[in-house]
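Undergrad: Please find one structure pasted underneath; my questions will follow.
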Amino acid sequence: MIILDDVWEIDLWEQLKHALPDDKNGSRVLMTSRFMNIAKSADSKMTPYELAFLNEKKSLDLFLKKALPYQEPDEECPSDLLELADKLSKKCKGLPLALIVLGGIISTRDKTFQDWKRVSDTLDWHEEGKDCMQVLAMSYEDTPYYLKACFLYLASFPEDYMISARSLISMWVAEGIIPRREKRTMEDTAEVCLEQLVQRSLVQVSSRHANGSIKYCRVHDLLRDLAMHEGIKENFVSVFPKPQDCVNHLDRATRRASLQSNCAEFIEYVSLTARSLFLFGQGIPMYSEFKLLRILEIVGVREIKLRGLDRLIHLKYLGISICFWLEFSNDCYLYRLKNLETLNLRGTYLVNGDIPMGLWTTGTLRHVICEAVPVCAPPPNVDLTNLQTLKFIRVADTRKTRLPCVKNLRKLGLDHRRATNWDGVVHLLGTLPYLLSIALRTTHYIPMEIVYPTMVPNYQNLQSLSLCGRWSEGVTLEAGLFPPHLIKLSLNDSELRQDPMLQLGKLKNLRKLKLYAKVYIGGMEMICPAGFPVLENMFIELAGIASFTVKQGVMPKLKHFQNDNFRTILNMPPELEHFSKAVFG
């Protein structure tokens, strides 16, 4: 089945339908649209299915589910609150989004008649035809001042854009819109703010990490419209998705600008005093003239050569994502960026394989993310006490590998591709016992001492472990080799001769398991005989495996299962039978 969601133009379907021949083999194309003429164009012989508004009972049920998220299923709502809930839910006229948002507002109130009635009294019950937008606007007005800024910030991203929570949090911190809290990092406080927006139903969670934190989020189209409207009104952000929109922004010295297509064409409309600049798509303009920038986010550019970055001395966040060809010019003196906190090169390839060494002398770095191509490790004599994330760095083939003081480091990625000597890595890991996440990549063997005793029992708090590389020959995988509180495990190219599923099933806290290519090469069959008591998410590459079997009672909490090989026979117990056809999720 192919799903085309929220189609706005007939031309899109006309272009696609020629690539989808009707071979009468049972395949389906499901298309959703807000416009009847587009729906009818898909198949003139059929009447499109119109999604009806919720009836009063379903409206009330949905409202109460959001308003009372912690109430037990068999617990009854007090009669006085139920009467108010019925009145509030009817105001939403069966529209799910309005019910969810209004329920989110109520969920932040005490469970008393007086608090719920204040919300009811706030709504204008006599203004017909604007029920939904009135509810959405009320939800925005009801938020604390710092959450308003966080919400308006979401207008910077294109419609239906999958927003990385970690990137968003780093931007909020760099912008200074997150309040300080004692005994909490700014990132932790920002994460709480994001969860509060979710509770108020202003943000939708797309996926979560194994530890429960938000991984990706998005904003409903109508809520994004609200954020754009309020953002423009308050001179918080200007968005340029279409050429005609520029006229509305010509005389505004906006603090933040988001160019979401044809960036080079729109840049002339952006004030040189802008503090944040978001560039999505092709045609990257000269950004170095915006000397007051705190945030520079570039997404989806095929190739770019960074010039004049050192002029942006106020820059705190630099993100270049999903770029296939990135090069730092010779005159790119990063040591001048004394305020830089985050360098995010997620999904970006460095053409010369490294970043200027001057980066490490800034003294304010909190996150350095270079996952596609590893960079040289920082010298040991620089100040990186604020650093929390460092991935990936190349590790030299020496007996002693040192990093500067990184006492706050929580996530580390090491690339030891052509390794023959692991003494330096063992020594380095032995000096960082407070890590929450470790990722290790190599094209050679991973010696046993990397995992045990270096990580066990030293890494009692380790939550995530990723190992890419062959395990030493003759090594038998055992559950005791891994830290006890591990909740996410990724293995790649392990080339294990023994089926690992029995031992992995003994990891009592494991919630997410990813097994990539050539983890097991000892046979044609893999069996999960027991265990995995809290596993929720599993991805497995089954190339070369004829059958994958899960016994009765195994993986009782499983919610998501993905495999990459439709030829593999999946033998699932009755409670997991719905995963038997799961290919690519």
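Cβ atoms here come from the backbone N, Cα and C positions, even for glycine.
Dumping what TrEMBL says about this protein:
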- 1-69: domain 'NB-ARC' (DOMAIN)
- 157-227: domain 'Disease resistance protein winged helix' (DOMAIN)
- 274-563: domain 'Disease resistance R13L4/SHOC-2-like LRR' (DOMAIN)
Undergrad: Counting by DSSP, what is the helix, strand and coil composition of the domain 'NB-ARC' (1-69)?
TA: 29 helix, 6 strand, 34 coil
Undergrad: Counting each residue once, how many in the domain 'Disease resistance protein winged helix' (157-227) are helix, strand and coil under DSSP?
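TA: Residue counts for the domain 'Disease resistance protein winged helix' (157-227) by secondary structure: 32 helix, 12 strand, 27 coil.
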Undergrad: Could you tell me the mean pLDDT the prediction assigns to the domain 'Disease resistance R13L4/SHOC-2-like LRR' (274-563)?
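TA: On average, pLDDT over the domain 'Disease resistance R13L4/SHOC-2-like LRR' (274-563) sits at 87.
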